[in-house]
């Protein structure tokens, strides 16, 4: 790269002319041979990598805002609101405003003002409507995959785990010497956080008890992968729930008061007798590490000095923020964990950091039609983003806020402006319906006055008067669903992506979800798209620092040619 940038007028003119000719020739070749490459399978890892890289190149070619100025994100934080679809964003925004005594519709989430937005297509390779494992793998590795698998491509079977593995942005970051961390309100072995570090043919293999007997000797559970394998064992920060899966459960009298129903609440207990937390402590013995299992532990840590921080604050998922024990013996909030993680990761003498923060219980609340719990979790994720914005320099930190998928929740009716977002969508003199309803889920039965058999002749739907007798302020209250299911389903529509900081301009249009990983790769100078960003070359910055203004102008022109050369040199 230094040879491109060394200032010599004649050489620059020749490079300019030859570069333009090269781009013209490549453009002709691309037009004539655009259909030459045929992927052997539209679901294989190579196809999805090419797909993401192709979209990245298009954005780079036509990005008017770059103005030939390359940029690098020293730090990257990706916030994932699990299940936070467009309806969750809109109602969550109103809920935030109403909590503050305002009408709500005009409210702003902390990331609403981010300069770049896009839409992400969330389907799995085998499902129109996805799950969190396949979507998280796409976002973090750049490869779309099947429903229910983690960190592997669509070819995964019982016998080819190694061949099917795909690397994540956490692994890319560690290869560049960056500090890394994950924060979540779920178990740290749950689908979204696990996609950062694990490789599994089944997202439910969180502890050994869930692995079939015939496979126990060939497959590691997800908790062990975090503690024993790269990149999990090298994480600087891990904060969330899931002590059961690490063999470090707390006594029953310390467990939270509320226990909610639903498939997402199922946990597993280690049966191999190992305590992986104690093993983690032994591994880092002699270094500056800390383990926290309650809020007071976390607050006692010297966050500016500790190099490895593990916090497991619940045997299962963390409690919903609405019912969380806020005492020193309770659980920290998502925003407090985010603050702690950034303090551990953000060191002046480091190569930067990458951090994944998940508001995971938005999803769990929706699955049980607990709309009010879900919106409170959206507000808490918003606080976590606001916390991060107050702590980092956006001149060197890329922040992405997105969702992995949507839910079957609708925001409907004709309520007056300022009406309670958790209230009714029509007038009391009509058959009542709520502004927030679900297409399916367990709320169906709660809105029948009794549990009679379903029939077309049945007239026992709860009336307006009867609905008032259902305590709608209770945390266990479920909004109405149209079809009875024990767990509400995900939604399949596109989700929003918000971005600010270096590389944010790459987020635009409607794109496949795996493209998000390539945005992080390109902007962060790590992983497969690093080679496309000429600003990742230290020679460029050293040369620019030594040149005059006129020289930098010419060098910038040559840099663009070099960038185009790098982009078209890969097979279109």
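The backbone N, Cα and C atoms fix where each Cβ goes, glycine too.
Owing to the predicted nature of the structure, the values given are computational and were not obtained by experimental measurement.
Residues annotated as active site, phosphoserine intermediate in TrEMBL: 132. The feature Mg(2+) binding site is assigned by TrEMBL to 82, 190, 192, 358. Annotation comment: TrEMBL describes 82, 363, 367, 404, 405, 490 as Zn(2+) binding site. Annotated signal peptide per TrEMBL: 1-33, in sequence order.
On the structure: features taken from TrEMBL.
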residue	record	Cβ within 10 Å
82	Mg(2+) binding site	28
132	active site, phosphoserine intermediate	28
190	Mg(2+) binding site	29
192	Mg(2+) binding site	27
358	Mg(2+) binding site	30
363	Zn(2+) binding site	30
367	Zn(2+) binding site	28
404	Zn(2+) binding site	31
405	Zn(2+) binding site	27
490	Zn(2+) binding site	23
Next item on the list: Give the sequence-ordered set of same-chain residues, not counting 82, 363, 367, 404, 405, 490, with Cβ within 8 Å of the centre of the Cβ atoms defining the Zn(2+) site.
Entry: 83, 131, 132, 362, 366, 403, 406, 407
Next item on the list: In whole Å, note down how far the CA of residue 404 (Zn(2+) binding site) lies from the CA of residue 192 (Mg(2+) binding site).
Entry: 8
Next item on the list: Taking Cα atoms as reference points, rank the recorded positions 132, 190, 358 by distance from residue 404 (Zn(2+) binding site) and give the first.
Entry: 132
Next item on the list: Could you state the whole-number distance in Å separating the C-alpha atoms of residue 490 (Zn(2+) binding site) and residue 358 (Mg(2+) binding site)?
Entry: 17
Margin query: Measuring Cα to Cα, how far is residue 358 (Mg(2+) binding site) from residue 367 (Zn(2+) binding site) in Å?
Written below: 17
Check: Taking the Cα atoms as reference points, how far is residue 190 (Mg(2+) binding site) from residue 132 (active site, phosphoserine intermediate) in Å?
Finding: 9
